[in-house]
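Structure record follows, encoded as structure tokens.
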């Protein structure tokens with residue numbers, strides 16, 4: 001690898017900046033003006049709740065249509081992301097740093113007492129910058145946390161589509177690439193179909209908005225989750241029919257567990273008396289769900305997420321560990337997050353949590369972990 005070429009590729013060009021500016025402006029405008037179901041977020045500690053306009057699927061559809069028409073008319077190259085991936089990565093990183101510095105400064109100077117904007121200051125500059133100070137900061141009425149997650153998920157799909165166009169142009173399109181693209185597209189589209197479920201996730205309701213979340217949403221999700229596509233662009237893999245069937249099986253089981261668990265949790269938070277798998281839910285202390293997937297493992301949704309991540313990498317074969325970066329990283333992240341979640345739950349629920357552990361002894365994988 002030519003180090004000088006690599007370093008020069010990391011320097012953001014004006015075109016990469018224009019691409020990012022157009023992308024964020026489009027998402028901001030589309031998120032505000034396009035019709036969509038308005039969802040009430042979970043009740044915060046002060047009794048308030050935020051509202052979210054879930055129009056991500058429509059915004060994504062319109063964006064892909066606009067980009068497709070622009071490419072057809074020769075206004076915009078579909079390869080702009082594939083050809084300038086490193087530039088966009090570094091430009092996004094700079095944006096993440098600048099945004100989180102602004103969030104840190106505005107958070108420290110805030111005197112708001114609401115749960116969403118009340119500053120949580122530890123006194124450690126690095127810790128406050130990393131984890132954030134405010135729960136749900138806004139900019140021009142836009143909930144930034146919800147906005148950044150949406151931007152990251154859409155960005156992942158746009159990167160994949162540009163990679164697909166590049167492989168088609170180069171004549172390197174393979175079964176492996178098609179399988180990877182289908183799995184990722186289905187996962188991302190499903191996310192936006194069920195976008196309202198995001199409003200009840202831990203990130204939205206509990207994590208403050210700092211560099212950890214901003215970097216994770218805007219850079220880590222789109223640029224590292226697409227490593228398999230970049231790898232397949234330069235490495236041809238031929239899959240056998242049994243391998244394709246097995247890969248599809250892993251994806252479908254992972255999707256069923258991931259989506260099913262998240263749906264059960266979301267419905268339970270909206271109406272704790274809703275039956276699960278045709279039976280009244282088992283609830284510990286009136287607060288903790290121990291039915292359905294949540295009676296199998298305390299973080300069963302993580303198991304589904306890990307299986308999906310593995311299904312994105314399996315089309316790349318087993319000749320290199322590089323395409324498996326995402327599932328390996330996700331395994332480490334989710335175990336770390338699961339430990340953090342359980343520490344907070346033990347402190348919050350006390351004896352109720354102890355009873356829940358007795359009923360649901362497994363963390364993520366039943367009978368193993």
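A Cβ is built for glycine as well, from the same backbone N, Cα and C atoms used for every other residue.
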Out of 126-142, 177-193, 194-210, let me know the one TrEMBL marks transmembrane segment.
177-193
Excluding the flanking five residues on each side, which residues at least 6 beyond the ends of the transmembrane segment (177-193) place their CB within less than 8 Å of a CB in that stretch?
56-57, 60, 153-154, 156-157, 160, 164, 167, 225-226, 228-229, 232-233, 239, 244, 247, 251, 255, 259, 308, 311-312, 315-316
At least three Cβ pairs under 8 Å linking the transmembrane segment (308-336) and the transmembrane segment (56-76), pairs spaced 6 or more in sequence?
no
